[in-house]
Amino acid sequence: MTEINIEFPDGSVKPFEQGVSILDIAKSISTSLAKKAVAGKINGALVRLDQAINENVKIEIVTKDSEDGNIVNWNSAALVLTSAIESIYPGVHFGEIGNGEHGFYVDTDKVDQQISVDQLPAIEDKMKDIIKSKISLKHSEISVEEALASVDGDPYQAKIVKRNEKNGKVSVYDVDGKIIVSDNVALLSTSDMKAVKLLSVAGAYWEGKSSNPMLQRIYGTSFYKQKDLEAELERQKEAHERDHRVIGNNLDLFFVDPKVGAGLPYWMPNGATIRRSIERYIIDKEVKHGYQHVYTPVLMNLDAYKTSGHWQHYREDMFPPMDMGDGEMLELRPMNCPSHIQVYKHHIRSYRELPIRIAELGMMHRYEKSGALSGLQRVREMTLNDGHTFVAPDQIQAEFKKVLQLMVEVYRDFNITDYTFRLSYRDPANTEKYFDDDEMWNKSQSMLKAAMDDLGLDYVEAEGEAAFYGPKLDVQTKTALGNEETLSTIQLDFMLPKQFDLHYVGADGEEHRPVMIHRGLVSTMERFTAYLIEMYKGAFPTWLAPKQVTIIPVKDDLHGAYADKLREEMVDKDIRVEVDHRNEKMGYKIREAQTQKIPYILVVGDNELENNSVSVRHYGEDDSKNEASADFINNIVREIESYSREND
């Protein structure tokens with residue numbers, strides 16, 4: 001039989017007979033590896049263990065203890081779930097099945113009624129029965145005609161057949177007699193599946209379009225070991241407690257009502273106060289660092305986005321243009337860059353003015369599908385803390401360092417400590433997809449690297465991750481829920497200044513092309529607020545808290561006037577304070593203030609009235625201490641002004 005060469009991750013190459021499977025290769029290495037193996041990768045693509053190999057390739061063995069191993073488990077559990085549902089509710093229709101960051105999901109459409117969360121235990125028990133039976137998850141590729149016949153009567157599966165067709169074939173699984181269309185990679189059988197849990201039911205539009213039917217999406221998770229499932233359930237419990245949507249509702253920060261517009265949050269007074277505090281902080285900080293704040297329209301002529309390239313590259317993320325009837329087409333802006341370019345172009349610029357730093361809390365709109373929307377994290381209307389600096393080429397490195405130092409300063413004030421830097425370069429093996437200027441790329445990438453080294457900052461380098469118009473620095477962070485996201489970005493742009501024909505007059509009296517630096521310190525107000533809600537678990541530091549102090553009179557008729565006097569003194573110092581005059585028991589008022597996570601609870605009674613003092617209780621503490629009212633006010637003012645990051 002013909003031999004083929006198999007390359008392993010360490011670079012070694014071994015010959016095998018043509019037609020060898022991933023499992024065969026694992027067995028040839030060691031019995032223990034074969035027992036741990038659940039899938040493989042061929043030239044980076046995930047494949048089943050029984051995948052035959054007929055040519056020279058590079059492979060990896062995917063084991064149970066890897067991220068890809070979890071994905072294979074989740075794909076398998078999703079298939080088992082379809083079989084379990086079918087056995088309990090014959091005739092049910094199936095939409096998408098897939099995996100997410102922490103588990104799997106299956107979309108269903110039960111014709112006579114919806115599947116509710118109360119029905120999950122019975123479905124889960126059936127899944128466990130199927131898993132214990134150690135059935136095979138039989139995979140095959142069949143013709144489109146066979147696939148359509150297998151899913152006859154299920155309109156969603158029929159559409160998936162047509163969508164997944166490749167060269168006249170469709171990938172399907174037979175799970176205990178139930179045929180399901182899926183390209184996902186699954187286990188050979190259920191024998192390695194040890195722990196499964198169904199978690200919730202939610203609505204999901206078919207294909208993510210609000211004009212399509214609403215299906216029931218069943219979420220679950222599964223693992224190879226029970227202890228891993230228990231750890232995940234504990235993580236999810238913590239995630240729920242930190243979920244900004246849950247906290248946002250409990251603390252009355254914001255709400256989203258699909259009836260008046262999905263992805264369009266309403267900021268309630270508490271949430272608006274937090275946002276306003278962030279915005280004031282950002283503006284003051286940027287002004288101190290030489291930025292000129294502007295206001296620019298949320299509507300712009302479509303031609304500007306054609307010039308910038310947004311229309312060509314990001315049209316699917318933009319709302320449809322508005323035809324004004326006179327040939328003018330207006331567009332809700334998805335980016336602020338063209339607006340700030342117009343500010344720059346409004347005057348003739350001299351080299352003496354550079355760098356010119358323009359900033360704005362700019363409202364933008366993105367065409368997000370309903371299924372992608374989530375609280376404040378994914379919205380259709382957002383306000384970006386955006387900044388654009390126009391520099392001469394020899395100013396790039398110095399300005400890049402200044403922006404980076406500003407970012408680090410902001411992170412410190414918000415107590416953000418868990419972040420990493422990623423320098424993104426163009427792919428040297430595929431330069432065609434980038435702005436065509438080799439000298440520019442080489443020089444600018446070297447400048448950014450030198451700036452990071454000068455500042456003594458650790459970073460990773462990522463080839464192929466640059467924007468098409470220039471290299472960039474991404475600041476990556478882990479949210480309180482363990483998800484990685486980009487907190488801030490600095491991007492060099494050599495293309496837009498050319499597209500919009502930007503100039504400055506140099507010392508030689510000639511026109512020169514500036515370089516544009518895009519930067520966002522803290523992303524959008526919506527996403528950053530969500531990040532902070534989850535990071536602080538709703539217990540904001542005093543300077544950000546919507547209500548910083550609540551004053552509770554022991555007896556309102558005797559101590560209410562003193563409480564009001566204290567309130568007036570604090571309001572004069574810009575402290576956010578309220579007096580609880582309600583006819584409720586003091587213990588109830590204290591518990592409610594703690595539930596609202598107000599940093600300071602002040603109780604005033606006879607002793608406090610007589611001594612002009614307050615009884616102070618910090619959030620999260622059971623004990624109180626007596627303090628002169630003037631001292632308390634002075635201390636909290638200092639705390640607020642210094643962006644104190646602890647409520648103590």
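The backbone N, Cα and C atoms fix where each Cβ goes, glycine too.
Summarising the annotation, Swiss-Prot assigns domain 'TGS' to 1-63 and lists sequence analysis as the type of evidence.
According to Swiss-Prot, the region 'Catalytic' annotation covers 243-541, on the basis of sequence analysis.
Annotated Zn(2+) binding site per Swiss-Prot: C337, H388, H518, in sequence order. Summarising the environment of H518 (Zn(2+) binding site), the number of other Cβ atoms within 10 Å of its Cβ, over all protein chains shown, is 23. Secondary structure at H518 (Zn(2+) binding site), as computed by DSSP, is strand.
The Cβ of H388 (Zn(2+) binding site) lies under 8 Å from the Cβ of N336, C337, H340, I341, Y344, R357, I358, A359, M516, I517, H518, R519, each of which sits 6+ residues away along the same chain. The domain 'TGS' (1-63): residue composition by secondary structure is 14 helix, 30 strand, 19 coil, according to DSSP. Of all Cβ atoms in the protein chains displayed, 21 besides its own lie within 10 Å of the Cβ of C337 (Zn(2+) binding site).
A Cβ within 8 Å of the Cβ centre of C337, H388, H518, the residues given for Zn(2+), is found for these other residues of the same chain: M335, N336, H340, I341, D386, G387, Q491, D493, L496, M516, I517, R519. The secondary structure of C337 (Zn(2+) binding site), as reduced to three states from DSSP, is helical.
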